[in-house]
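The structure under discussion appears below in the form of structure tokens.
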Amino acid sequence: MRPLSMSGHFLLAPIPESSSDYLLPKDIKLAVLGAGRVGKSAMIVRFLTKRFIGDYEPNTGKLYSRLVYVEGDQLSLQIQDTPGGVQIQDSLPQVVDSLSKCVQWAEGFLLVYSITDYDSYLSIRPLYQHIRKVHPDSKAPVIIVGNKGDLLHARQVQTQDGIQLANELGSLFLEISTSENYEDVCDVFQHLCKEVSKMHGLSGERRRASIIPRPRSPNMQDLKRRFKQALSPKVKAPSALG
């Protein structure tokens, strides 16, 4: 087939008659929280690129944006990575304030600890409580993730510990290995995306674009009829008999 030439005749794609014909992807805003060196950045990059990168410079808070498909729905996904080492109880006020702004922005949360670091596990409950403090009236979904599940020889946190904490907080719990299993990482993010969609009542439908509807174009028969009426002599209708 020959390529289209702009110098010849071409067809215009139909313009939507109204805003209901134009669909925008859903906006999903997630935050990944947890102590330092638990693999938060590696999880995000693994999900978005399928690649595992083991060593990262200390994270200062990067925002990742990507269009992704989850169960056939296109999502405009934003994932906020957060610095590690933030302790809610004893951090500086400006640090806690920065974390609060991130929590306020996000709609769904991954709380990540490493199974090789018991202190990172202990940081999960205060983070969860801070989320509920910032979102007191919200059902914002939270998933607790035990990462580095491949390092069994260095395990400090048992699987049952993660399950028990999740049950106490009313959250889902998953133990994964970011380095060895892309599917598990993908499942975590996809499940959280679906929970956020359900929270906003957006499942199965797309958010409509806020564009001004254009007037409906008259069809050809209407144009012909109106043209004939304009050319025909005007005839005065007979008055009704009394």
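Note that Cβ sites are derived from N, Cα and C of the backbone, with glycine treated the same way.
The GTP binding site annotation in Swiss-Prot covers 34-41, 81-85, 147-150 and rests on similarity to another entry.
The region 'Small GTPase-like' feature in Swiss-Prot is assigned to 17-241.
Sequence-distant neighbours of Arg37 (GTP binding site) (same chain, 6+ residues apart, CB-CB distance under 8 A): Gly84, Ser114, Asp117, Ser120. The Cβ neighbour count for Gly34 (GTP binding site), using a 10 Å radius and every protein chain shown, is 27.
Ranking the binding-site residues Lys40, Thr82, Gly149 by C-beta neighbours within 10 Å puts Lys40 at the top.
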